[in-house]
Amino acid sequence: SPTLMYSALTCCCLLFCFWISPLISPIYKRSPDMTKSSMTKSEQLLRIEDHDFTMRPAFGGPPIPVGVDVQVESLDTISEVDMDFTMTLYLRHYWKDERLAFPSTNNQSMTFDSRLVKKIWVPDMFFVHSKRSFIHDTTTDNVMLRVYPDGNVLYSLRVTVTAMCNMDLSRFPLDTQTCSLEIESYAYTDDDLMLYWKKGNESLNTDDRISLSQFLIQKFHTTTKLAFYSSTGWYNRLYIHFTLRRHIFFFLLQTYFPATLMVMLSWVSFWIDRRAVPARVPLGITTVLTMSTIITGVNASMPRVSYIKAVDIYLWVSFVFVFLSVIEYAAVNYLSTVQERKERKLRERLPCTCGISNPDEMMVDGQITGYGSIDIDSTGNYGIPENGGRQEQMLAQVALNNPQITGQVKPSRGYVNIWIDTHAIDKYSRVVFPGAYVLFNIIYWSIYS
């Protein structure tokens, strides 16, 4: 019947589909995600769980060689006050650990971050005499571990370290400083770990853009030495030495030139009349106070060392020159006062010169006084000289040689030395002070340059 035929046809179709479906399913089936397929874990490939990585490689055997190379990224600061420097560098270690060897058909290395570093053995390096140091962690820890199929390992990290630098500031600011960064294993002596520069002096590389505001970087170089500790033994220590020469131009502008100008300004008082007290005294006091300010400003930015620096010598000698210019005027003013006091006493004891009958007798011996004659009209003014000390000196000589006066005033040897030419002190100072200061500068710059 038609119903039976339809049912039989339906059953045949179902049987056909059931039989052919395994053959066509790979065509329509979705391909699997290979990234989600199970692969061997790196820790299993390196067999980390099979070894005790708290022990160094080849424990019990010869010391393991660990090569080091450094790339200096920046030399940040040099502090004379704290006696330290700050440096950022890439520190790389090379060694071989056969426990990390793995099979590889293409001989390619595997690179890991800091998470695997905590599970294997790495050299325990530290910076000797460091004050602060840290591994950069932005955006993640700046640590790299690269393992090769034969077990060779490269361990690199980016570090900023602040370390001590014992500076000798006796020639400051005309000095050259040599600082050192020292690298050493903390736990392993030279019996367990042999630390060395991987490529000798070429193991140290620097960025060409490194520069400092106050220093010129002359050179970098490396050395290796043994360090001994009485309790633990001998250790290999690596040194990074760098030599710095200070730029002098800043200190010339800020220290040396102002100090020199203050000294020269103090010499202006030698050309000012000795009776101009309001002009000469403030000038001397101002230069002294300015020199004190310069010295204080320089010492405020320097460590309190117990020895004398080159800049201290220059500033204090300049201060002495300024101070002596004030003392010079004090001496001139004092001698002038003494002279006027003696002249006043002499005028009180001398009669009027109008009674002198013979002016020719007032001629003064040139060998004694240094002058050939005396003007008769000038004898009327005993205490108001017109030409400095010339008439004052001749006045004392007149008092000693006039026969009309000697009867009333007894000749006294003290009257011969009444006059000291205070003008001569200023005249000599105009030459002696600049000459001595120029000589000092020649000696100073020849020694410290």
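Residue numbers in this text run from 1 along the chain shown.
Cβ coordinates are placed from backbone N, Cα and C, and glycine is handled just like the others.
Whatever TrEMBL says is automated annotation, not expert-curated.
The structure displayed is predicted, hence computed values, not measured ones.
The domain 'Neurotransmitter-gated ion-channel ligand-binding' feature in TrEMBL is assigned to 48-247.
Sequence annotations record features per position, and here TrEMBL assigns domain 'Neurotransmitter-gated ion-channel transmembrane' to 255-367.
For 6-28 (among others), the entry in TrEMBL reads transmembrane segment.
According to TrEMBL, the feature transmembrane segment maps to 248-272 (among others).
A Cβ distance under 8 Å defines the sequence-distant neighbours of the transmembrane segment (313-335), meaning residues of its chain 6+ beyond its ends; these are 255-256, 259-260, 262-263, 266-267, 269-270, 274, 277, 280-281, 284-285, 287-288, 291-292, 294-295, 298, 420, 422, 425-426, 429, 433, 436-437, 440, 444. Per TrEMBL, the feature transmembrane segment maps to 313-335 (among others).
If you look at the transmembrane segment (431-448), the same-chain residues 6 or more away from its ends with a CB under 8 A from one of its CBs are 171, 174, 263, 267, 270, 310, 313-314, 317-318, 321, 324-325, 328. Here TrEMBL flags 431-448 (among others) as transmembrane segment.
Averaged over the domain 'Neurotransmitter-gated ion-channel ligand-binding' (48-247), the predicted model reaches a pLDDT of 92.
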